Amino acid sequence: ARMAGPPARTAPGSRQQVQGGESRAQPASGAPPARETRAPFRFDYERFRRSLRHPVRGGRTGEDPETRARRMKIKEMMKFAWDNYKQYALGKNELRPLTRNGHIGNMFGGLRGATVIDALDTLYIMELEQEFQEAKQWVEKSFDLNVNGEASLFEVNIRYIGGLLATYYLTGEEVFRSKALELGEKLLPAFNTPTGIPRGVINLGRQGTAFPHGMSWSWGWASAGSSILAEFGTLHLEFLHLSELSGNPVLVCALSQVMNIRRVLSRVEKPQGLYPNFLSPVTGSWVQHHVSIGGLGDSFYEYLIKSWLMSDKRDSEARKMYDDALEAIEKHLVKKSAGGLTYIAEWRGGILDHKMGHLACFSGGMIALGAQHGAEQRRQRHMELAAEITSTCHESYTRSDTKLGPEAFRFDAGSEATATRLSERYYILRPEVVESYMYLWRLTHDPKYRHWGWEVVQALEKHCRVEAGFSGIRDVYTTTPTHDNMQQSFFLAETLKYLYLLFCEDDVLSLEDWVFNTEAHPLPINHTDLKA
């Protein structure tokens with residue numbers, strides 16, 4: 001098998017066996033593993049490429065001119081976003097398009113170039129060859145991992161590790177693999193907690209500096225020093241591949257620590273079968289009973305179904321956890337408004353909050369993806385649910401003056417699918433709605449999803465495109481919006497990639513070969529029927 005995963009396997013060059021993560025891995029600081037005399041580990045990239053069922057960029061045959069023209073427009077938007085980032089902010093994390101300068105921010109602990117790493121695979125898929133080479137050159141010459149500072153384990157994992165891994169699998173260029181593995185090792189101290197549930201913040205600093213290497217702690221705002229479900233639950237896909245590509249016992253150990261997270265979650269009692277968003281990394285028990293399929297919870301559920309798909313449907317533990325969680329969500333959180341819109345409410349200690357965040361709009365795509373396999377009756381019910389939720393998210397766009405959706409929308413006091421609070425009216429170039437359009441298009445080929453996606457393209461062009469890039473807007477309910485002066489890196493990683501794929505043939509990054517991480521970085525499925 002190409003992938004260390006739930007089936008037991010011994011990593012090359014290592015005596016540590018990953019047994020679905022049953023035993024807690026030893027901390028990386030112990031005695032070095034005994035030296036083996038066998039040849040150094042080498043990942044067989046050519047064999048991996050032969051395992052793919054479709055060319056990465058597809059065959060591109062028989063499409064109509066309108067679809068091609070729309071795809072080319074989205075490619076032009078990507079080139080425009082990249083060219084302006086390169087001109088005004090290369091090496092910074094994001095472009096500030098109004099002031100034409102760069103933004104660094106404090107999420108990445110001294111790492112730079114978030115937009116470069118996030119954009120790499122999109123540039124490659126869109127065949128923007130020169131721009132891809134510019135990005136690759138920056139990684140080779142300027143991407144420094146010897147940094148100091150507090151980083152979000154989650155953000156570094158999904159953006160940097162995910163982007164580097166995906167680009168390695170797409171191109172076979174060694175620089176991306178080696179940077180991913182080196183950075184992956186820097187994240188491991190986050191797991192040094194009594195339960196093995198990682199903390200949310202890690203210091204990437206060097207030893208012997210003012211900051212001791214590898215300290216980790218919880219977010220100051222997270223309830224009582226807790227870890228966040230969507231953060232510790234969104235590591236599996238990337239760590240599976242880090243382990244697979246490295247042959248390094250330390251990273252294989254790390255995978256077993258990620259697998260151990262499931263053990264902790266299976267032991268703790270779930271209220272009504274639901275998973276609250278905050279868990280103590282010290283005691284392994286819930287800290288608050290707030291449940292959300294949007295921010296703080298979202299990608300935990302996504303990574304369960306995607307872990308199963310990535311394992312070529314062998315990781316039955318992940319599938320069962322997903323099925324059970326979705327059943328509890330259907331039973332307790334899925335509601336229908338007076339106007340007939342299906343939405344997923346949030347749950348606070350048994351009391352429903354009838355709001356849905358933009359982040360929760362990924363769930364239409366997730367539920368559709370998970371519906372493809374299983375009993376016909378259940379498949380039909382879940383496809384209907386996925387379509388209804390996606391339609392509700394489309395309504396949140398349609399009911400705004402800009403035809404872009406707000407950060408959160410509510411179903412109370414007579415309002416439906418609209419933001420009722422000033423603090424929720426902004427749009428920061430988020431991808432979740434078009435992500436669901438892309439999955440539902442691929443799984444149903446209902447033309448409305450392409451139509452809806454094109455509405456988003458037109459709205460982005462009209463309201464978010466400025467002279468030197470794309471910017472979020474502060475209020476989607478006014479046609480003369482104020483810009484927030486930020487071109488988010490995920491706009492290039494996710495929003496534009498999903499829009500582009502919506503207008504591609506199904507064999508471009510085929511769902512038979514690839515699973516997208518939660519930053520839309522494609523990671524390969526482990527095809528078990530591979531002929532050597």
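Positions of Cβ are set from backbone N, Cα and C atoms, glycine also.
Where the annotation comes from TrEMBL, it is an automatic prediction and has not been curated.
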C393 - recorded disulfide partner, TrEMBL, among C361, C464: C361
For C361 (disulfide bond), nearby residues of its own chain (Cβ under 8 Å, 6 or more apart in sequence): I389, T390, C393, S396, G405, E432, V433, E435, S436
Residues satisfying Cβ distance under 8 Å from D298 (active site), sequence separation of at least 6: A230, S292, L359, A360, F362, S363, T518
Residue with minimal Cβ packing [other Cβ atoms within 10 Å] among the recorded positions C393, E407, T518: E407
Least buried by Cβ count (within 10 Å) of the active-site residues E155, E432: E155
